[in-house]
Amino acid sequence: MKIVDLDKARDLLLSGEVVAIPTETVYGLGGWINSEEGLQKIFSTKERPFFDPLIVHIDGIESAKKLTSDWTKIHDVLARACWPGPLTLIAKKHDSVSSLITSGLDSVGLRCPRHEKTLELLRSIPGGVAAPSANKFGKTSPTQSQHVYQEFGDAVAIIEGGASDIGIESTVAGVVNGRVEVFRPGFYTAQKLKNILKDAGMDVEVVYAQSPVAPGQLKHHYMPRIPLIITGPEFSWAHNQAAIETELQKTFKRPAIWLQPENPSLASRELYQKMREFDEQGFDIILTPYLPNHSGEEWLGIWNRLEKAKTLSLARK
Ligand code: TXA
Ligand code: MG
């Protein structure tokens, strides 16, 4: 593994290279926002299509303001309460922000990650660092340096930052016509954001975006290499084997079962980790049950990822 310290990482970024950065959600594949070369390398390394915009990582609110042209009171209150942390805020972009980052949109996604090393790195880099999750496009996001290495080998230098605490990507939210829309569910639920605004004396509606208007929110995403099946509450292999093998026209020999922990924070921390582990351990299919009591707002982020990562669902909802 090509592990680098913060000074080396900074030099690489400023010279147009990509570097994998640890965050509390997942590891990111960073490129300096003022380097056309670095930005291009993010897309080519990930094999990512240009229509999927990147999130810019910054060291705090002052840096965020410089990259936007309409930083509203709502943005400010949410950033003050949630940063550093797993919330990406969409705001109207400043002219200086490359359209490579925004896929030609007039808005930009900004996030201040809660990881000491990455924050220190960001403080040393003018502008900010664009970083999607450090995995090949459409695949499972990495929550450990080892996972990044599995994706890219020695082609990508990595800052070692331990296992990601949250385990799934940040909540993405923007301000649309005076209300907050959540484009990607995550740790910060709509209710939590609403409460934060309320505590600041603002009565603002917070809703989940109905259609996935956020670009890059494709139907299939986050997929492990072996099929992932969502079953009904009856999750045993014996109960589901016939239906699965008929549907997929294939036989399987080593099924793994992921029983989601009761606590949604633990479940999100385990999710990608388990998908990779089962694959490495030689299982050839993963089953995870749809449990009706795992369905509150706190579970939305987990189900959003599972629904996109699945090959088949046998659950009746
Ligand atoms: O937790 C995270 O957010 C991780 C870590 C590395 O920070 N990053 C991440 O990046 O998940 P990525 O590229 O996998 O997800 C970026 C997504 C886009 O697919 C899109 O849904 C949304 O963020 N996004 C970015 N810019 C946007 C914009 N201007 N308008 C709407 N959505 C945007
Ligand atoms: Mg991703």
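The backbone N, Cα and C atoms fix where each Cβ goes, and this holds for glycine too.
Automatic prediction, not curation, is the source of TrEMBL annotations.
Per TrEMBL, the feature domain 'YrdC-like' maps to 3-188.
When secondary structure is read from DSSP and collapsed to three states, A131 (L-threonine binding site) falls in the coil class. According to TrEMBL, the feature L-threonine binding site maps to T25, H57, R111, A131, S170.
Around the Cβ of S133 (ATP binding site), a 10 Å sphere holds 27 further Cβ atoms from the protein chains shown. Per TrEMBL, ATP binding site is recorded for R48, S133, S141, R184, Y222.
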Open item on the list: Any of the binding-site residues R48, R111, S170 with a C-beta atom under 6 A from ligand 2? Give them in order, or none.
Closed with: none
Open item on the list: Which binding-site residues from the set T25, R48, S133 have a C-beta atom lying less than 6 Å away from ligand 1?
Closed with: T25, S133
Open item on the list: Cβ atoms within 10 Å, counted per site: which of R48, R111, R184 has the most, among these binding-site residues?
Closed with: R111
Task: Alpha-carbon distance [S133 (ATP binding site); H57 (L-threonine binding site)] in Å - done: 12
Task: Cβ-centroid neighbourhood (8 Å) of the L-threonine site, T25, H57, R111, A131, S170 excluded - done: T23, G28, I55, P86, T88, P113, E169
TODO: Determine the C-alpha span of the L-threonine site listed in the record, that is the greatest distance between any two of T25, H57, R111, A131, S170, in Å to the nearest whole number.
DONE: 13
